[in-house]
Amino acid sequence: MINLKAITNEQRETRLGWALITPAMAVILLLILYPILYNIFLSFFDVALMGTNRFIGVENYTRIIGDSEFWRSVLVTLLYVVLSTLGTTLVGLGVAVVMNRKFPLRGLVRSLILFPYVAPVISVVFAWQFIFDPVNGIFMHTMVEQLGWISERFNLIRDPGNALWVLIIFNIWKNFPFSYLMILSRLQAIDSNLYEAAEIDGANGWQKFRHITVPELYFVIGALMLLRFIWNFNKFEEVFLLTGTNIKVLSIYTYFKAFIGTMELGDASSLAVIQFILLTGIILIYVKRVLKW
């Protein structure tokens, strides 16, 4: 027999739940969905700073796709994102494996490793700029005066040919602690009996790492690389603060189009849409082919 009272209570709880989450959902939709839809709307217009916007269809998209500077920006972005993502993951993995072993003051060292990640980005960027300063920086002093590996001083960060590599190294140094922390937490959850059984079977350290550690870390590393890829693809503040507009990854290129020079807001809007489509496509391929979700 159907319990009408139970059904009534369940309906009340359902209605209460919807009443509680609806305001939050409305705010989220307003703050997230509206800017996205408005950006897509602007991408089909010749946006005038003063006057009326003129509808031009997909002209902004065709102009951007036909621009060689856009494709250079895509190449630079992919190089920056892929190398930074691989670097932060591999360094984080190596440090996590070392920190998983017992040694004196391990707790203190584990905490200090997190410093680059938790430190304010503006402070560490200024520190790096001082290190690579061509006049007073310790790097150029060491390379030129101490070691003689470079014949004359120059601004490494402002040189487009070298700034990208400095930026990648900075990204790895700044963000590897996050990967280290996530991987370390998973390492500590691996059953020690697996390693003991492998030792009984005569497995060496590399074999235990390859056949036990790596499979146990597969999905953690896969998820980490996905997150880092997304974050690096959309990275702006580190790139802009360290190199200005010298390294035109897509986020900087979009900013350049929108707020510098002629302020082409229609082109910038279409660039943002293209960037979103590229990122979504790469994520779908990665999730399907690599993570196999």
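Note: Cβ is positioned from N, Cα and C throughout, glycine not excepted.
Automatic prediction, not curation, is the source of TrEMBL annotations.
Keep in mind the model is a prediction, meaning the values are calculated, not measured.
Look at TrEMBL and you will find 20-41 (among others) tagged as transmembrane segment. Residues 269, 272-273 of the same chain lie 6 or more positions beyond the ends of the transmembrane segment (20-41) yet place their CB under 8 Å from a CB of it.
Residues or ranges marked as domain 'ABC transmembrane type-1' by TrEMBL: 74-286.
If you look at the transmembrane segment (78-99), the same-chain residues 6 or more away from its ends with a CB under 8 A from one of its CBs are 106, 109-110, 113, 164, 167-169, 171-172, 175-184, 187, 209, 213, 217, 221, 224-225, 228-229, 232-233, 239, 247, 249. Among the features that TrEMBL reports, transmembrane segment is placed at 78-99 (among others).
Marked as transmembrane segment by TrEMBL: 111-131 (among others).
What TrEMBL lists as transmembrane segment is 163-183 (among others). Counting residues 6+ beyond its ends, the transmembrane segment (163-183) has Cβ neighbours under 8 Å at 76, 79-80, 83-84, 87-89, 91-93, 95-96, 99, 113-118, 121, 124-125, 128, 132, 156-157, 217, 220-221, 224, 228, 231-232, 235, 238-239, 242-243, 246-247 in the same chain.
Residues or ranges marked as transmembrane segment by TrEMBL: 217-233 (among others).
Using a Cβ-Cβ cut-off under 8 Å and counting only residues 6 or more beyond its ends in the same chain, the transmembrane segment (268-287) has close neighbours at 39-40, 42-43, 47, 60-61, 64-65, 70, 74, 225-226, 229-230, 233-234, 250-251, 253-255, 257-258, 293. For 268-287 (among others), the entry in TrEMBL reads transmembrane segment.
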